[in-house]
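Working notes for the structure below.
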Amino acid sequence: MKTNYIFVTGGVVSSLGKGIAAASLAAILEARGLNVTMMKLDPYINVDPGTMSPIQHGEVFVTDDGAETDLDLGHYERFIRTKMTRRNNFTTGRVYSEVLRKERRGDYLGATIQVIPHITNEIKERIIRGGEGHDVVLVEVGGTVGDIESLPFLEAIRQMAAEVGREHTFYLHLTLVPYLAASGEVKTKPTQHSVKELLSIGIQPDALICRSDRVIPANERAKIALFCNVPEKAVISLKDVDSIYKIPALLKSQGLDDYICKRFSLDCPVANLSEWEQVIYEEANPEGEVTIGMVGKYVELPDAYKSVIEALKHGGFKSRVAVNIKLIDSQDVETRGVEILKGLDAILVPGGFGERGVEGKIMAARYARENKIPYLGICLGMQVAMIEFARNVANMEDANSTEFAPDCKYPVIALITEWRDENGNLEVRTENSDLGGTMRLGAQPCHLSGDSLVRTLYGKNTITERHRHRYEVNNLLLKRIEDAGLRIAGRSVDNKLVEIIENPNHPWFVACQFHPEFTSTPRDGHPLFAGFVKAAFDYQKGLLK
């Protein structure tokens, strides 16, 4: 079957939820038996989001093959079964970098390099490569129609209709239809102007998804259809909902998938959304409620921890427990003390970089250890747990990470100088290496200790999880920490790197160097998060032993 392309654009305002809408549509098409993948085209000039501030951009989502990508790829993996790779996300910076590399190499035979055709051709080639082997590929174009940064991408997707055939391309435009309380009606004019802007580029949308805080009346949808030159059945009303996992059913109920399949001449069965119905049931029918404190440094933007927040919710689904997440600034723990941690059913310290707020995270790990509160540390959350244990249990008072104190007496966490990448090739780094793309990245296997809690949770001896870190436990000081009572529950396959630690003198204290949140999904959950949420509920009920 020839690959079909659905291009998803957004208008009127940013942050409309293009990624969620596109992923929900992909979930329906996948439920019809189609082989679906997704792509995100980002208009910023950074090569990738790896060195961008989480407070500006949100989290960096890491794929199995080690790509540092946009957080929307996390949504994609949570909604469809297809695993994302570095092919599924690229930026303006990445495209220009590749075109300039080819120009320096002489690939263009002395031609004058221009946005059209050289940049647009590179974009089209990447879209086609990313969609190879799939029935349908949904391509989300970042930004808002009208932004100057998005123009090369919009021109490229316009040209795709001629490249692969109009019968294999579908343009889906997401807009805002605001409600004005003063007049008591929804206003369609912003949508009309957004489509007009798209038409000026040469793209006629095939369908519109209209975001609003309420159902858009049929007469207003007919008006939008008339002025925007689309069939009425192709104007989809997408109202605000209390759970993003309800959106696939909402789109299906309006026949968007039928309309698209008919357009592509795809003969496939009706979508079976029973798995999503089960997710919605689990979310809506908890048998208890817990409050988990997440102690981090980027808490002013929850999207900086998007996958962790979603993974905690998934853990709640599988444990039939509603999870309330209390975001706590680690600097507040430093200034106000551990009193602000009282009343929590569990504590999670997520990943992060830099010295700011790290002592607050160490205090949180100590509070959880001493008060027998369930603790889950992720990446830096494992490192601070190791530092805390070394200082306060193993009598290594000056213990620290060389990231924060290069000359400390006990560098229990230190820079990894070499490791094997996902292809088995040796990677070497020093303190002077570039920050971008120089970490231990992607899926890595890990052997679990037979007597560990994590072995029981995972139910197997070897697991594969995704990494994103530059520092690791210092093996030269490890024996003293183990002798003080800390258990190494997981190691890399070559036995050189510590991947998971546990405290056997604590009812539920687990910390891992990898990022389990990247592989958690609403349908399957994740054993670490499900176990963590259950431990929080048992702690609340006084049942945690």
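For all residues, glycine too, the Cβ spot is worked out from N, Cα and C.
Database features (Swiss-Prot):
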type: BINDING; residues: Ser14, Asp147, Ile148, Glu149, Lys187, Thr188, Lys189, Pro190, Thr191, Gln192, Lys223; note: CTP binding site
type: BINDING; residues: Ser15, Leu16, Gly17, Lys18, Gly19, Ile20, Asp72, Lys239, Asp240, Val241; note: ATP binding site
type: BINDING; residues: Asp72, Glu140; note: Mg(2+) binding site
type: BINDING; residues: Gly352, Leu380, Gly381, Met382, Gln383, Glu403, Arg470; note: L-glutamine binding site
type: ACT_SITE; residues: Cys379; note: active site, nucleophile
type: ACT_SITE; residues: His515; note: active site
type: ACT_SITE; residues: Glu517; note: active site
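Taking the features listed in Swiss-Prot, we show where each one sits on the structure.
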residue	record	Cβ neighbours (10 Å)
Ser14	CTP binding site	11
Glu140	Mg(2+) binding site	27
Ile148	CTP binding site	8
Lys189	CTP binding site	11
Asp240	ATP binding site	9
Gly352	L-glutamine binding site	22
Cys379	active site, nucleophile	23
Met382	L-glutamine binding site	27
Glu403	L-glutamine binding site	18
Glu517	active site	29
**Fill in**
For CTP, with binding residues Ser14, Asp147, Ile148, Glu149, Lys187, Thr188, Lys189, Pro190, Thr191, Gln192, Lys223 per the record, max Cα distance (Å, no decimals) returned as 31
**Request:** Could you tally the C-beta atoms, other than its own, that fall within 10 angstroms of the C-beta of Gln383 (L-glutamine binding site)?
**Result:** 30
**Request:** Specify the count of other C-beta atoms within 10 Å of the C-beta of His515 (active site).
**Result:** 24
**Request:** Taking Cα atoms as reference points, rank the recorded positions Glu140, Gly381, His515, Glu517 by distance from Ser14 (CTP binding site) and give the first.
**Result:** Glu140
**Complete:** Cβ proximity for Gly381 (L-glutamine binding site), under 8 A, sequence spacing 6+, ordered by residue number, returns Leu348, Val349, Pro350, Gly351, Lys361, Ala365, Ala511
**Asked** Where among the binding-site residues Ser15, Thr191 do you find the Cβ with the fewest other Cβ atoms within 10 Å?
**Response** Ser15
**Message:** If the ATP binders are Ser15, Leu16, Gly17, Lys18, Gly19, Ile20, Asp72, Lys239, Asp240, Val241 per the record, what's the largest distance between their Cα atoms, in Å?
**Reply:** 20
**Prompt:** How big is the Cα-to-Cα gap, in Å, between Gln383 (L-glutamine binding site) and Lys189 (CTP binding site)?
**Reply:** 53
**Prompt:** If you measure every Cα to Cα pair among Gly352, Leu380, Gly381, Met382, Gln383, Glu403, Arg470, the residues listed for L-glutamine, what is the largest value in Å?
**Reply:** 14
**Request:** Provide the three-state secondary structure of Glu140 (Mg(2+) binding site) computed with DSSP.
**Result:** strand
**Cβ-centroid neighbourhood (8 Å) of the L-glutamine site, Gly352, Leu380, Gly381, Met382, Gln383, Glu403, Arg470 excluded** = Gly351, Phe353, Cys379, Val384, Ser401, Ile413, His469, Tyr471
